[in-house]
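Contents: one structure, followed by commentary.
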């Protein structure tokens, strides 16, 4: 994983400070100095095509050519039975499942319709599909990760041969709460338009509503995540740290401008590709900020090590400052290559925080519950020990520690915002490097680099969650989500659907969701 070189560029800094676009003077220099390569060790095979597959083995996905003879159709059906993703028909929706129409996940379908599913590809084709023989040396699908609520697989999009990620949102319609949560995440993934925030490229065609149990979302495939990089033995330069932190805050500024709290920022939810481009992912716990302080918010959020003190202390109302606390913990972890506050329990978590920050004032604890305040006041009075942050690593410079101390503030109202953190001088080099050779918003010409007028864009309008207020039954939400997915189908692209007969799909459908360690944390009950 390498970073390209970036020279200090006066015009770019002028563009940032003045808010105007600028072209770099002179030619853009191309002697790029490559930083240590950080390949994700156990994901290395993403870069290498696997051994050739034959029809009938678990090939990833297949488009199917329009059949001209019954023999060709039979061959196509055999190949498609192995493929997990297939281009669907343009109008596959009927009042009830039509003969030969795949009803969707095999697990949800009656046996006789499962048998008909094998004939799906034979029954409906689309003229934009390619010849199946072109696609036979595709890597098999494989699981690549588990989120708060869902499992992610890498697959090949049969329409263009690109590797993409496929996220299964399972058990969507168990109850009204899970329906609303999944619909919220789905709407967010379709709303996001930012290079440092993962968004939906596509949603697989749903089956007829009677068989509609799972939702499959296609997103960009990223090679690694910050957790894997931090625990790897490869060195992380200060340039890596700056460009990662810059992108985390750039994505967070966008999310917060949309009025969204992520509520589970941790290294494993920060995806990184081989060029060091970073994207915030997993919005299973995200929600719109609650401006009415009298309304209670759930405390079952944020993985413990990254949980802000106000949540640990049982505050019933919190702000997007909880995400900034998590970023501070990650910043320290990037510098020190170990978890900053690694406690066995939520109470010990709070004690480790006060060891570093000192005993908080009553004002800083004003939103805490009485039991948590009593715990702090019972204990010894602690002095802050912030200078210990300089011992994280040689990269913990004055500028780095200064910014870190603005993030790790006990009182959420005094914690720095994503917008203000981006203006900190520590991130100037990260911004320069990102916009000189990593971003999609600036471009190079023969006379130099043309910079965007807005380095850290926000969204307008905000994400609107008023749709949730009127959701009253599982059946109603199911119909609304089904309709929403149909409306999302991107223009004239061939819609994709799951092939429930493929071996890969059967493995996918049975893969477990969220390992026990990944489950959302339980709330701390203060006596």
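Cβ atoms are placed via backbone N, Cα and C, with glycine included.
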Feature phosphoserine, as given in Swiss-Prot - residue among 232, 522: 522
Candidate annotated in Swiss-Prot as phosphothreonine, out of 298, 452: 298
Neighbouring C-beta atoms (10 Å sphere around the C-beta of residue 264 (active site, proton acceptor)): 26
DSSP three-state assignment (helix, strand or coil) for residue 298 (phosphothreonine): coil
Of 152, 298 (the recorded positions), the residue whose Cβ has the fewest other Cβ atoms within 10 Å: 298
Length of the line joining the Cα atoms of residue 264 (active site, proton acceptor) and residue 152 (ATP binding site), in Å: 17
Cα-Cα distance linking residue 152 (ATP binding site) and residue 298 (phosphothreonine), given in Å to the nearest integer: 26
Where residue 264 (active site, proton acceptor) falls in three-state DSSP terms: coil
